[in-house]
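Copied over from Swiss-Prot, here are the features:
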{"type": "COMPBIAS", "residues": "1-16", "note": "compositional bias 'Basic residues'"}
{"type": "COMPBIAS", "residues": "17-44", "note": "compositional bias 'Basic and acidic residues'"}
{"type": "REGION", "residues": "1-61", "note": "region 'Disordered'"}
Amino acid sequence: MAVPRRKTSPSRRGMRRSADALKKPTYVEDKDSGELRRPHHLDLKTGMYKGRQVLKVKKED
């Protein structure tokens with residue numbers, strides 16, 4: 001059975017666990033509509049991505 005040769009220090013253990021924390025999602029303000037959206041994602045309200053219409057928008061009644 002594999003056994004660690006040395007005890008893991010608290011610093012090394014903490015550095016390993018630092019990647020486990022949940023990260024806050026980032027949002028950017030859309031230049032055209034002013035809505036908040038995720039970076040590199042299309043704007044669902046307008047259907048635009050990088051200045052092009054990529055999604056047909058449903059009309060709200």
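Note: Cβ is positioned from N, Cα and C throughout, glycine not excepted.
Counting same-chain residues at least six beyond the ends of the compositional bias 'Basic and acidic residues' (17-44), those with a Cβ under 8 angstroms from any Cβ of the stretch are 54-55. Helix, strand and coil residue tallies for the compositional bias 'Basic and acidic residues' (17-44), in that order: 4 helix, 5 strand, 19 coil [DSSP].
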